[in-house]
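Peer 1: Please read through the structure below; I'll follow up with questions.
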Amino acid sequence: MSSTSAPLPTSTTSAISKQRSAGTMTKPDTANSGSPTAKTSKKHDYKGFVAGVFSGIAKLSVGHPFDTVKVRLQTSHEGHFRGPLDCVLQTVRKEGIAGFYKGATPPLVGWMVMDSVMLGSLTLYRRLLLENVFSKPDIRARIPFTSHQPDISTLPSVGHGIAGIMAGTTVSFIAAPVEHVKARLQIQYSADKSKRLYSGPIDCISKILRTHGIAGLYRGLCATMVFRSFFFFWWGSYDVLTRLMKEKTSLSAPAINFWAGGISAQIFWITSYPSDVVKQRLMTDPMGGALGDGQRRFQWWKDAAVAVYRERGWRGYWRGFVPCFLRAFPANAMALVAFEDQPVISGRPPLPTLLLRHHPSPGPCVHCQTATMAVARSMRRTSPITVFLAALLAFGFLCFLLSPSSAPAAAPITDASSQLRREDAAEHPLSPPTKPFLKSQAVRGDGQKAPPPVTHYNLNELTSTSESAEKGERILILTPLARFYQEFWDNVVKLSYPHELISIGFIVPNTKDGNAAVTALEQAISETQSGPIDSRFASISILRQDFDPPIQSQDEKERHKMSNQKARRESMSRARNSLLFTTLGPSTSWVLWLDSDIIETPETLIQDLTAHDKPVIVPNCYQRYYNKDSKRMDVRPYDYNSWIDSATAQQLADTMDADEILLEGYAELPTYRTLMAYMANTKAPRPSREIELDGVGGTALMVKADVHRDGAMFPAFPFYHLVETEGFAKMAKRLGYTIYGLPDYFVYHYNE
């Protein structure tokens, strides 16, 4: 979230009217630079900057919790939070009150500097615009929206707006790195610092500088400038409102400052919020490379803007708006209190009066004319009680930041609702364990650990039925992982099947991309496994391949090039078999093969697939995309590996050499098979409709564990000219099993 400064009170004097009524002329004081007027002007030049320091501290103490909720809603994936209240409750439950102040240190320092630069530069630009542009009648007459404010001694509302744009651009060079670091710290959900990528702001800055340099720290600078260009509406509307309230109401000056500042802040956020959402998505996007935080998705501002629309449509640009809107009034009210009270320290008005000295003709006398702005504050000392309360709040917040953030170690808790894991052995040590099975062995009298007991498993008692959840049947989710997508993990976490019955296994290539994927995956796992117990999975295993993949690139076109398919899919078969044989234990009832780029499924995916009680069953894999013709989001088929065989394909296979494979979806091999992808009824789907298949894709493939135990695997060689998942289907059919598909039940692939 961006820092925005408090409404700027402006003072005015009636010097010119007093001088004219008295019939006096003011002499220019060019000889004596130490005159009271010169001293006052010099002393007042820094007032906007000093006021910004107090404004920044006060605003941070009140506004940062709102900002944390806003940023998390803006950058989280669909389903992570149900709304602002759910975000607040989850943060309190998992991280405590301190979770709301994550990332508060950068703005603690940054906002003081940013508000100082903002208010100081705003004052400077107002004065320069008035002296060099709007005080000249010929120029002023040509500028739109100034005709209703003809007095050349006052800066019109449009001038205040232009000054806001200029000040916003200036302060963006300070704001961009501050907000970048703040946003990255705010989306670290783990309460345990050891499980976070960044231990604090200094660590975050040093890692970004070390891996991506100054350019990495300033990621999002252009987005920040776009966002802060909307300061035109903030300062322009503030000036309009102060003028109207002074003329049309009997409110006191402080009340006018409060209401004009609050309403103008709301106007600013209503106009600028979509650009803030895009900015936050760009700043929290993984930077990739040596930082190891995942794969970068957005190269430019436009990429992030398009992604927001593709994911959620127009609603995506307003996600998190409620906490932001609620924050604007209290945060800026506190900033205004601090800003208004700052001049009490010196006992002088808050900002200098702008003096325009006109020299129409040579002579000893000149007219001294005072440039006035909208009056919203009388020259008076504010109550010391208000100053004391604001200072006390700021001091308390500083003490909170400097106090230790980790709670003292508590006594072990054995209640079922505890967030602590028990130290007993896994119930099924071969399936695979949460921790090494031998960790909790009994200790003999001589101090040595006793040998583990012999464990018996009766596979005749193992069931895989249509009532899987009710009967407590264990699910093993297996995923070959080359690139990590946060949406994939979020979707897995949302699955409603009891998580204590789910074990997960990953196999990752030993490549640079694989290393980045493991880093991001481990961070996601740590957040889930340290969260509420009912969200934790029974166990999670990560395997690293002991062979090199034939294709290093993860580019979609390169991966699907026909010349690469035989080597690529044979390698994938080896990876799937390694993962299966390593993780399949004697207690597993079902195996769900879920590709790492499946980012959207029904929450009841496991229950829905097992309810059919079929040995092998696969849903239809589609992809969401933006349809340029209809100018709206649409869906299209993605996976063509689930099919019903054809006589043409069988004849084509008969002409092939023994080592050749028959692929689907390539013009060079016209098989004329019936593809399940085109059998879907998208207008009136019947998700339970079943069809028999001869080949299957592995995007979301549910298999009874006994099918694998009977010998159905993924051939890493041409098996009836088929490999990998299609070869698995052929092997399962040779073992006597029937393969089924669900043409109207959809899962969705990531759109690259």
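If you go along the chain as it appears here, the first residue is 1 and each next one adds 1.
Just so you know, glycine gets a Cβ as well, placed from its N, Cα and C.
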Peer 1: Looking at 112-129, 256-273, which stretch does TrEMBL describe as transmembrane segment?
Peer 2: 256-273
Peer 1: For the feature transmembrane segment as recorded in TrEMBL, pick the matching range from 216-236, 699-719.
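Peer 2: Going through 216-236, 699-719 one by one, TrEMBL gives transmembrane segment for 216-236.
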Peer 1: Just give the helix, strand and coil counts over the repeat 'Solcar' (155-244), going by DSSP.
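Peer 2: Tallied per class, the repeat 'Solcar' (155-244) gives 72 helix, 0 strand, 18 coil.
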Peer 1: Roughly where does the repeat 'Solcar' (155-244) sit in mean pLDDT, to the nearest integer?
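Peer 2: Over the repeat 'Solcar' (155-244), the predicted model scores a mean pLDDT of 88.
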